[in-house]
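A.B. asks: Okay, handing you the structure first.
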Amino acid sequence: MKSELIFLPAPAIGHLVGMVEMAKLFISRHENLSVTVFISKFYMDTGVDNYNKSLLTNPTPRLTIVNLPETDPQNYMLKPRHAILPSVIETQKTHVRDIISGMTQSESTRVVGLLADLLFINIMDIANEFNVPIYVYSPAGAGYLGLAFHLQTLYDKKQDVTEFRNSDTELLVPGFANPVPAEVLPSMYVDKEGGYDYLFSLFRRCRESKAIIINTFEELEPYAINSLRMDSMIPPIYPVGPILNLNGDGQNSDEAAVILGWLDDQPPSSVVFLCFGSYGTFQENQVKEIAMGLERSGHRFLWALRPSIPKGETKLQLKYSNLEEILPVGFLDRTSCVGKVIGWAPQVAVLGHEAVAGFMSHCGWNSTLESVWFGVPVATWPMYGEQHLNAFEMVKELGLAVEIEVDYKNEYFNTKNDFIVRAEEIETKIKKLMMDEKNSEIRKKVKEMKEKSRVAMSENGSSYNSLAKLFEEIM
């Protein structure tokens, strides 16, 4: 009888890619295993559509893609932003239940487990109904998990965690060797209007799962991983990363060719790459400061600059129609020989290019792992979600990044945004980021971690062995 795992990623590209790549890894490591991935589309994230098409165009044996019915964006337009994604997930539960019901009744298939994204953990009720073991996948790192479990524990003990908001408090958090400043806590955990009680309910349920699979590796987060393992109230931990989509998603191939062609013409280790994720957008005054800082630094650059979502619109915009309207007068002409401003970027291909020597990033966890895999030092510019915590971990805990600023908040996720990072700060940190290995301890450490990341995924490496133990648990 065929063994089948069901994967349930959250409907956002950063969550989806990691789980699909992990499904491919599972299949490659176990010849008697098949995986079915349920994909639900988030109306704001066009990347899900593009990635989904690439999966259907290039099918993987024993990997089945099931597209859940698309939801009407109008159902969510009046909801507060923090409530949109949970609502999208909730509407899919009936469809998920019907499909799982059919799969568990099959005489040719044995469903050995359901692997759900952290945000999909409430699907546990359905798994329990059909006696299917449930496992949790965390697309974020072990440090973030440790903090979230810690805040959930404080909340359950009736401590008002919202008091940490805008405070100078430093927290002693299991999983962090250094005190964690309240200013880097993910805002959704300390905001009474941000759905924090819902988030804590997810981590409470997460404790009931069979195991937690994390996209990280022992050598990157040893302190945080060990802390999670020592907590008897947390299920077994399996670090199996870094899990990355190193082939890209096939979208915008013509644009990618132009960008990579430009990089081919640049000297080795000469370019700083600026890219801030799907929701990483700036107001015009901040764009101008970044431009001035880049120009003053004297370094070659590739800058992925995307516009904010216009009011009344629901989909992400890939590029500006006229860059001259938002950049300083004459900037494009003055920097035409050393820089290129783009919209969408083939991030993995760019980071893997020999011309790229530095990465100014929003510090999403996938981007952080990609920078480590390719050995490219990061200048941290966190904007929303857990990114401030990731930046703190990379800079203070691990010594793998240059800090630009941790107070900036993206206007999409915050109603007030009057903080500006000045050109002088940007210029200084770019120069520090781009120092060569002789003068940069950070660059040396990142190079060492690059090698460790590859060893972790190789035979008998830490993540390789962790996955083998997970198979013993599942099968």
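Glycine is treated like the rest: Cβ placed from N, Cα and C.
I grabbed these lines from Swiss-Prot:
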type	residues	note
BINDING	Ser278, 344-345, 362-370, 384-387	UDP-alpha-D-glucose binding site
A.B. asks: Sort out the sequence-distant neighbours of Trp365 (UDP-alpha-D-glucose binding site) for me: same chain, 6+ apart, CB within less than 8 Å of its CB, listed by position.
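C.D. replies: Looking at Cβ-Cβ distances below 8 Å from Trp365 (UDP-alpha-D-glucose binding site), excluding near sequence neighbours, one finds Gly14, Pro139, Ala140, Gly141, Tyr144, Asn215, Glu386, Asn390.
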A.B. asks: With Cβ-Cβ distance below 8 Å and at least 6 positions apart along the chain, what are the contacts of Cys363 (UDP-alpha-D-glucose binding site)? List them in sequence order.
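C.D. replies: In sequence order, the residues whose Cβ lies under 8 Å from that of Cys363 (UDP-alpha-D-glucose binding site) (at least 6 apart) are Val378, Thr380, Trp381, Pro382, Gln387, His388, Asn390, Ala391, Met394, Ala401.
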A.B. asks: Which has the fewest other CB atoms in a 10 Å radius around its CB: Ser278, Ser367, the listed binding-site residues?
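C.D. replies: Result for the binding-site residues Ser278, Ser367: minimum number of other Cβ atoms within 10 Å at Ser278.
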A.B. asks: Would you count the other C-beta atoms found within 10 angstroms of the C-beta of Tyr384 (UDP-alpha-D-glucose binding site) for me?
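C.D. replies: If we count other Cβ atoms within 10 Å of Tyr384 (UDP-alpha-D-glucose binding site), we arrive at 21.
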A.B. asks: What is the total of other Cβ atoms whose distance to the Cβ of Glu386 (UDP-alpha-D-glucose binding site) is within 10 Å?
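C.D. replies: For Glu386 (UDP-alpha-D-glucose binding site), the 10 Å Cβ neighbour count is 25.
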A.B. asks: List, in sequence order, the same-chain residues at least six positions removed whose CB sits under 8 Å from that of Leu369 (UDP-alpha-D-glucose binding site)?
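C.D. replies: The answer is Asn215, Thr216, Gly241, Pro242, Ile243, Leu244, Ser453.
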